[in-house]
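What Swiss-Prot records for this protein:
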| type | residues | note |
| --- | --- | --- |
| TRANSMEM | 1-15 | transmembrane segment |
| TOPO_DOM | 16-21 | topological domain 'Cytoplasmic' |
| TRANSMEM | 22-45 | transmembrane segment |
| TOPO_DOM | 46-75 | topological domain 'Extracellular' |
| TRANSMEM | 76-97 | transmembrane segment |
| TRANSMEM | 101-124 | transmembrane segment |
| TRANSMEM | 128-150 | transmembrane segment |
| TOPO_DOM | 151-162 | topological domain 'Cytoplasmic' |
| TRANSMEM | 163-186 | transmembrane segment |
| TOPO_DOM | 187-195 | topological domain 'Extracellular' |
| TRANSMEM | 196-206 | transmembrane segment |
Amino acid sequence: IALAGLSILLFVYMGRNVEDPRAQLIFVATLMVPLVSISSYTGLVSGLTVGFLEMPAGHALAGMGAGPEGGVFTPWGRYLTWAFSTPMILIALGLLAGSNMSKLFTAVVADVGMCITGLAAALTTSSYLLRWVWYGISCAFFVVVLYILLAEWAKDAEVAGTADIFNTLKVLTVVLWLGYPIFWALGAEGLAVLDIAITSWAYSGM
C-alpha cells in the first residue's frame with residue numbers, strides 16, 4: 001500500500017506540467033493503476049476480497065480443508081483489481097501507439113472479458129470441467145489482447161513515431177501477462193501443482 005502511495009505521488013509530480021491532451025490521458029491512465037492497487041490491497045488486508053472455497057470433484061484439492069472454514073483460500077478480489085488496472089495499462093499503451101478508438105475499445109473490452117471470465121473460473125465450484133471451460137474462454141479473450149498489442153498497435157506505433165518506447169513497454173507487458181494464465185493453470189485454482197503462497201507471490205511480482 002505504501003509503495004503504491006509513493007508511486008501516486010511520483011506520478012503526480014512528474015505529470016504536473018503535462019499539457020498535451022493525449023499525454024494527459026496517458027498520464028491519468030497510468031495514475032489509475034496504483035490507485036486501484038491501493039484499493040485492492042486494502043480489500044485483501046481487511047478480508048473483504050478473500051474467501052474459502054470447496055473445490056469440485058476431480059480437483060486436486062477437492063475435499064481438502066486448506067483453511068479454518070474447510071475450503072481452499074481464494075483471494076478472488078485480485079480479478080476485480082485486474083479488471084480495473086489492466087484496461088488502464090492498455091489505454092496508456094494504445095494512446096502511446098497512436099491507435100484509433102476502435103482498436104482501443106476492442107482491446108479494453110477483451111481485457112475486461114478476460115478478467116471477468118477468469119473470476120468465473122476461480123469461483124466455479126459446481127464442476128471442475130467448467131472451471132477449465134471458463135479458463136479457456138478467458139484465454140481466448142487474452143489472445144485478442146495479445147494480437148492487438150503485438151500486431152495492430154506495433155504498426156500504429158511505427159506510424160506515430162513512438163515505436164522504440166512502445167516496443168519496450170509492449171514486450172514487458174506481454175512477458176509479465178503471460179505469467180497469469182500459466183500460474184493459474186499450475187496453481188491451486190487449476191492443477192494445484194504449485195502452492196498457494198507461491199502463486200500469490202508470483203501474481204504480486206507480475
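Any Cβ shown, glycine's included, is placed from N, Cα and C.
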Intrachain neighbours beyond the transmembrane segment (101-124), with Cβ under 8 angstroms and 6 or more residues off its ends: 53, 56, 74, 76, 79-80, 82-83, 86-87, 90-91, 94-95, 130-132, 134-135, 137-139, 141-142, 144-145, 148-149, 152-153, 156, 180, 184, 189
Stretch-averaged pLDDT - the topological domain 'Cytoplasmic' (16-21): 71
